[in-house]
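Here the structure is laid out as structure tokens; the discussion comes afterwards.
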Amino acid sequence: ETYVLSIVPSGPLKAEIAQRLEDVFAGKNTDLEALMEWLKTRPILSPLTKGILGFVFTLTVPSERGLQRRRFVQNALNGNGDPNNMDRAVKLYKKLKREITFHGAKEVALSYSTGALASCMGLIYNRMGTVTTEVAFGLVCATCEQIADSQHRSHRQMATITNPLIRHENRMVLASTTAKAMEQMAGSSEQAAEAMEVASQARQMVQAMRTIGTHPNSSTGLRDNLLENLQAYQNRMGVQMQRFK
């Protein structure tokens, strides 16, 4: 979720896509065809961003085995029709077949160009090759990191993520997740109203930041405040913080 959102331009559409992704990963959205139709008609997004989102939706939403592949995703993931990209994509695919973890796949993929990575996604999308879901997500995240890096014109560093756009998006995703956890924990306790209030404020903040677009550093405080509030609330409730670290 974090990586994919880091390549979507700020605006009302980003907030909408964030909600769709959240629903998809939570298993709430099970109509892949409707989701793809919605994605296809979104304005602003580049064909490649649509292709990556379509790939993620297809990986995550359970669907009928024979469901037709979508042309707009295939076209976006063909490596600009460059045969070099396709050659590299095949080499990368062979390496990915040997990987079993998300991090292993991401590490391998990061040494390839965006065109080769997109072509490799295309191979998997068109069912010309199969990898585990973990590995496919490693490929997606490597591609998004490269795109976000080129947008930020910063150099990738393998050990840690230094890209402020990705860190910013990660903090907002964390804030949303924490807000959701607070709402679930609130239940019928006396402090429920307070918890719901804090969670609701956090959601509104995240939505506003995604819609308006803010400086990547501006989300640090949001995440920290929310975690502080959650910790204080949990201490009063006598609940362990373990789940949300």
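All residue numbers here begin at 1 and follow the chain in the order shown.
Glycine is no exception: its Cβ is also placed from the backbone N, Cα and C atoms.
Pulled from Swiss-Prot:
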type   : residues : note
REGION : 1-157    : region 'Membrane-binding'
REGION : 158-245  : region 'RNP-binding'
MOTIF  : 94-98    : motif 'Nuclear localization signal'
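Model confidence over the region 'Membrane-binding' (1-157) stands at 87, taken as the mean pLDDT rounded to a whole number. Secondary structure counts, DSSP: the motif 'Nuclear localization signal' (94-98) has 4 helix, 0 strand, 1 coil.
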